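Following: one structure in structure tokens, then a few remarks.
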Amino acid sequence: MQRSAESRRCYACGSPRLLRHKELYKLSLAHIDCDAFYAAVEKRDNPELLDKPLIIGGGTRGVVSTACYLARIHGVRSAMPMFKALEACPQAVVIPPNMEKYSKVGREVRQLMRELTPAVEPLSIDEAFLDLSGTENLHKAPASFVLAKFVQRIEKEIGITISVGLSYCKFLAKIASDLNKPRGFAVIGEEEALTFLRDKPVSIIWGVGKALTAKLNSDGIRTIEQLQSTEENVLMKSYGVMGQRLYRLSRGQDTRRVEPEHEMKSISAETTFNHDLSSSDDLVPVLRALSEKVSHRLKNGEIAGHTVVLKLKTQDFKSRTRNRQLSSPTQLADRIFHTGLSLLEKELDGTKFRLLGIGVSDLSGNERADPPDLVDIEATRRAKAENAMDFLRNKFGQKAVETGYTFGKSGLGRPQTPSEHVKREEKD
Ligand code: DCP
Ligand code: MG
């Protein structure tokens, strides 16, 4: 970006990469994608890897998850079988993926994105659309400047690089972010959209996968220019609803809005019984199994809930919901279960129940979850035991360890698979 033709560096962000564009002050829809994401995180954490070709992959799937740009020079690509990748680049360092670490970094990047605008729509672990329209007053700068600064911030604070595509619609912003990777910053304006798209293959159109590309090709349509010169009704006759999309996108017309991520409000699991149940003997093992399910979801998502919610439905379809706030957020099956149990015990008066559910709400990250309980030594001991069980389950599978509550029960009150489900309620 530059103010005058003589500038050697952008006056706003200091970058030596100058960029000029007629619509630079007007465009505000961005797509951001991290470069060689998993590999970049590993290089950040081990500088010895910086100048080495790096492949993240292997493990049980035996394929490449990603490769750094050095390894890509040798032809290594995502989803390639590992043996082929090593044939292409025998000197590559191979590291198995550490998903927990990458999810954390992905979350940190999204968090910083949300400081630019609330309109952030994540598409995957390392990419998102951002709508920066209307944020000029807040930032005292147009979107393009804000994004250029953001690139620097991510490099400095997170230690990885990103590529930015800036346009007026989702379709072209996503294409743009891929144009100059890595550390790319590409702009596609409204005026140039038609010419930009003209010679591109039809396969770059959003929703045109292998099958449709093959069909279009066999109908003699290879480039977007050919779609641009075809009438809408003709395309619709041949390709149905997709024909309309082909017509519009080939002309750079895309009105899809950036839909901010709906944050989760609660996580719960519930089950409807085949036969209505009323006794503690039948209900408690179900409660335990459901608590473990909820806990598993929380641990996987690195989230915690501050309030435990018990849900019951009586034989005559009346709902009962009981809540209890905890002293600290939890992810532990043990805490969810014991809190749920004390709520459940008050309801056991002979009433027959057709449904039991347990969950947590007031969700947050897991940073402050489950501090050691100095008062209840037993609870701390059980928490330690649960962590040990998690370790074994991660190593040997979910069914490797069962607790006394669920082990060897008749199965009568156990969740009945068809109706059992885990719910993620979305915030509106
Ligand atoms: N990924 C994977 N298997 C694939 C594709 C991707 O496991 N077939 C993982 C690894 C990537 C991450 O998802 O690091 C993000 O996917 P991208 O397609 O954005 O690829 P990269 O970020 O690795 O590279 P690029 O710079 O091309 O975006
Ligand atoms: Mg990426």
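Placement of Cβ uses the backbone N, Cα and C atoms for every residue, glycine included.
In TrEMBL, annotation is done automatically, which means it is predicted and not curated.
So that you can see what the record holds, here are the features copied from TrEMBL:
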- E127: active site (ACT_SITE)
- D33, D126: Mg(2+) binding site (BINDING)
- 405-428: region 'Disordered' (REGION)
- Y38: site 'Substrate discrimination' (SITE)
Collapsed DSSP category at D126 (Mg(2+) binding site): coil
Spatial separation of D126 (Mg(2+) binding site) from Y38 (site 'Substrate discrimination') - C-alpha basis, Å: 9
E127 (active site) versus D33 (Mg(2+) binding site) - Cα distance in angstrom: 4
Distant-in-sequence Cβ neighbours of D126 (Mg(2+) binding site), under 8 Å, six or more positions away: D33, C34, F37, Y102, G106, V109
Cβ neighbours of D33 (Mg(2+) binding site) where a neighbour is any other Cβ within 10 Å: 20
For the recorded positions Y38, E127, the one whose C-beta sees the most other C-beta atoms within 10 angstroms: Y38
